[in-house]
Amino acid sequence: MSDQLCDEKISVDVEKDSASRTDSCVSVSANTGSLSHPWATALLRWGVEERGTVPVPYDERKDTQFYKIFFVWFSMNFNILSFSTGTLGPIVFGLGLRDSCLVILFFNIVASALPAYLNTWGPRTGMRQMIQSRYSFGYFGVILPAIVNLIGLCGFNIFNCILGGQALSSVTNDNMTWTVGIVIIALLSLLISFMGYKVLNWYERVAWFPVLVAFLVALGVGGKNLYNAPPATPATSDAILSFASVITGFVISFATIASDFTMYYEPTVSSHRVFWYSYLGYIVSIIPLECLGAAAVLAAPNVPSWSAGYGAAGNVGGLLEAMLSPAGNFGKFLTVMLSLSVTGNIACTLYSICFNFQVLAPGLSKVPRYVFSIMGTVIALPLSIVGAHKFYSTLTNILSLIGYWARRLHTYEHADWNVPRRLPWGVAALATVAFSFGLIIPCMNQASFRGPIGVITGDIGFEVAFPLAGLLYVPLRKLELKYQKIN
């Protein structure tokens, strides 16, 4: 193997299976040591995916329905979490509608490129996204990023459970508590995630349609009220950059799970094709709903029913229920559909959480994937119930921090994914993270922390993170190669 950084390549067999390749022939099982159990065998017969972090061999990557990745990302983001993220511009950062929408538009267009690109690595490697990180951080060094990623993914599930629970509760005029709603949302999401790849892809292909109908009806019956937004105050660079870090953090978080959903794709698929399907899945779903969220929350104080639904606690589900209330019982039904829209996001996130557990503790790779879906739900459920009344402060802080969590990927031999001595030590990658945060932290300006640079310039942590990581990683990696002899 060459020790030159720029010559590190993926070893890929160029033979192509000429047989017809469809979703039905995708193998979702792997030899994890659990097949001796009758219940595990029965679950496989029922179509439950067992494969965890074990890479998919070249000749088992047979899925040719590449358009599915568009619907995975579209349905994951076409929900009330995207809507609520847009409300942060006016509510938290004091931005007007024009400034909020410009930030949403520009930073989503730019930031979506990274996770879209990482989707293209799935067909080429057959590996989960965090397994690919071993080729930069090393077998043991990747444990730290896995912990950080687990926190972020669990955070997203908490937000979605809260939003879905609030929306369900609002339909019953709060006769059903937020807690009951949260439990319902969490259990439905667990069921989808438990089944795995095939069911997950089917669900994401159909889940977006009732959500689209709900938002179109909301615009039809309440769109005229969106013009009631108060006059905007002049935006400051501090507010714009801080909101930009939140928007960036929202979409860039998908970079850590991107290839989890493309690793079964036929390896010969065009990378451009996968990239554009993924990229459009992000921006077509996220940008309109975030802009609508900003517009609705600005108009709410001037519409009594919207203001009452939103309340002092910032009940986004109540705001949407109020927007749909002129449609009567049909509006209540659509509110239920909106509450269920978060299940697509939670299910996919639970799916990827499974692999982070296995990267965190490699010995767990023998445990079937679906066991960790249950663990992820057990973790998120009580935290969602506790955090339901502190939604906005938690959402702002977590999304801002996620924006600083990015990484640079390189690849070695495909067969080395689980061989510690043939993987990098991870010193270069970990040192890059440590040194980068030395400058990123002073450049932060969030509710939880204001750095000395960020107080003056606004939050520029994200703008600093990417170029600084690139500048640091290359020389550090060359230095690591000088001392580490991989054989």
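Placed from the backbone N, Cα and C atoms, the Cβ positions cover glycine too.
Feature annotations, reproduced from TrEMBL:
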type	residues	note
TRANSMEM	70-96	transmembrane segment
TRANSMEM	102-118	transmembrane segment
TRANSMEM	139-158	transmembrane segment
TRANSMEM	178-200	transmembrane segment
TRANSMEM	207-227	transmembrane segment
TRANSMEM	239-258	transmembrane segment
TRANSMEM	279-300	transmembrane segment
TRANSMEM	333-355	transmembrane segment
TRANSMEM	367-385	transmembrane segment
TRANSMEM	422-441	transmembrane segment
TRANSMEM	453-476	transmembrane segment
Mind checking which residues reach the transmembrane segment (279-300)? Cβ under 8 Å, same chain, six or more beyond either end. 69-79, 82-87, 89-91, 95-97, 100-101, 104-105, 108-109, 112-113, 115-116, 208, 215, 219, 225-230, 247, 250-251, 254, 306-307, 309-310, 316, 319, 323
Can you see whether the transmembrane segment (70-96) and the transmembrane segment (367-385) are touching - at least 3 CB pairs under 8 angstroms, only pairs 6 or more apart in sequence? no
What stretch, picked from 102-118, 178-200, 207-227, 333-355, 367-385, has the most CB pairs under 8 A with the transmembrane segment (239-258)? 102-118
To the transmembrane segment (333-355), which of 102-118, 178-200, 207-227, 367-385 is linked by the most Cβ pairs under 8 Å? 178-200
